[in-house]
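Asks: Below are the features I grabbed from TrEMBL:
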type: TRANSMEM; residues: 32-53; note: transmembrane segment
type: TRANSMEM; residues: 60-83; note: transmembrane segment
type: TRANSMEM; residues: 89-108; note: transmembrane segment
type: TRANSMEM; residues: 117-136; note: transmembrane segment
type: TRANSMEM; residues: 148-174; note: transmembrane segment
type: TRANSMEM; residues: 186-203; note: transmembrane segment
type: TRANSMEM; residues: 215-234; note: transmembrane segment
type: TRANSMEM; residues: 241-262; note: transmembrane segment
type: TRANSMEM; residues: 268-287; note: transmembrane segment
Amino acid sequence: WGLMLVLSVAIYGSHAPLLTQCKVDGMIPFNSTSVVVLVELTKLLFSLLFLLAWDRERHIAPFALSALLYAANNNLVVHMQLFMDPSTYQVLSNLKIVSTALLYSLFLRQRLSMRKWLALLLLVAAGVSYSCGGLQDPGSPSKMQLHITLVGLLLISVYCLISGLSAVYTEAILKTQALPLSLQNLFLYVFGVLLNLIGYFWSSTEGSFLEGFSSWVLVIVVSQALNGLIMSVVMKHSSNITRLFVISCSILVNALLSVTLFNLQLTLLFFIAVSCIGLAVHLYYGVT
């Protein structure tokens, strides 16, 4: 458990710096849908390998909806950029912590105490604090400009709702089915590959499937696939709340890599975010 969670924290935290390493002249040179398809294919391959040791039962239908929700969320992330700036997205996307916790409590009938709700709100505060300026480029203005339209506000609300719903629904089917996790992953990623391939061909422009790929993109594909498999284990044997803490703790890895690779500086908001995360972990897991 410890190794898997630490690895997942590292992967979450390294994702944004790895994407930055892929940029050419400040632009992402590859098709983002291609990366998603390859991530799903990689997870599918791993799941097939794990499945070799298990009996092959069939219970595939519920995973179609799960894959559809994830696909819708991935595409929403792209379209939202048209109606808000990246900083606003980073700040407001932290609300998916609240939506996930609410749906987790409602649909999985897991009552959360006031202390645990306070811990989760501290995770939101940590994410907002870090997004508002936890890292600073010494050569750029420190003041952050936020911009969002009414459509963007609507889309971010839908995004947070679908994000929480997809996570909680997936946890529910993983836990209620008496199937090996490898087989459940297989079903989920078959639909994931199919839906994302449809999305790729629907929105495809000129250029090959792997155009703009580099070794850094392959690192992202493998790491995100591995992280998806780890999160399946977490949701089946622990909960989405643990997943939320993993994502929040990844701030530390993200900051470390950003300082090391891009010479960014830590600000007071970073240390406020770290303090909020530490207090949240203590309240949720350390106090009885």
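Each Cβ is built from the backbone N, Cα and C atoms, and glycine gets one as well.
Keep in mind that TrEMBL annotations are predicted by a computer and have not been checked by a curator.
Context for these features, please: burial, neighbours, distances.
Replies: Here the transmembrane segment (60-83) has Cβ contacts under 8 Å with residues 32, 36, 89, 148-149, 151-152, 155-156, 158-159, 162-163, 165-166, 169-170, 173, 177, 184, 187-192, 194-196, 199 of the same chain, all six or more residues outside its ends.
Outside the transmembrane segment (117-136), and at least 6 residues removed from its termini, the chain residues within Cβ reach (under 8 Å) are 87, 90-91, 93-95, 97-98, 101, 142, 144, 241, 244-245, 248, 251, 255, 258-259, 264-267, 269-270, 272-274, 276-277, 279-281, 283-284.
Away from its own ends, the transmembrane segment (215-234) comes close to residues 4-5, 7-8, 11-12, 14-15, 18-19, 21-22, 30, 35, 38-40, 42-43, 46-47, 174, 181, 184-185, 188, 242-243, 246 of its chain (Cβ-Cβ under 8 Å, at least six residues beyond either end).
For the transmembrane segment (241-262), the residues of the chain that approach it from at least six positions outside its boundaries are 5, 8-17, 20-21, 97, 100-101, 104, 116, 120, 123, 126-127, 130, 134-135, 137, 167, 231, 234-235, 270, 273-274, 277, 280-281, 284, judged by C-beta separation under 8 angstroms.
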Asks: Going through 32-53, 148-174, 186-203, 268-287 one by one, which has the most CB pairs that fall under 8 Å from the transmembrane segment (89-108)?
Replies: 148-174
Asks: Same chain, outside the transmembrane segment (32-53) by at least 6, Cβ under 8 Å from its Cβ: which residues?
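Replies: Beyond its ends, the transmembrane segment (32-53) has Cβ neighbours at 74, 78, 180-183, 185-186, 189-190, 192-193, 196-197, 199-200, 203-204, 209-210, 213, 217, 220-222, 224-226, 228-229.
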Asks: In the same chain, who gets a Cβ under 8 Å from the transmembrane segment (268-287) while lying at least 6 residues past its ends?
Replies: 115-116, 118-120, 122-123, 125-127, 129-130, 132-135, 241, 245, 248-249, 251-252, 255
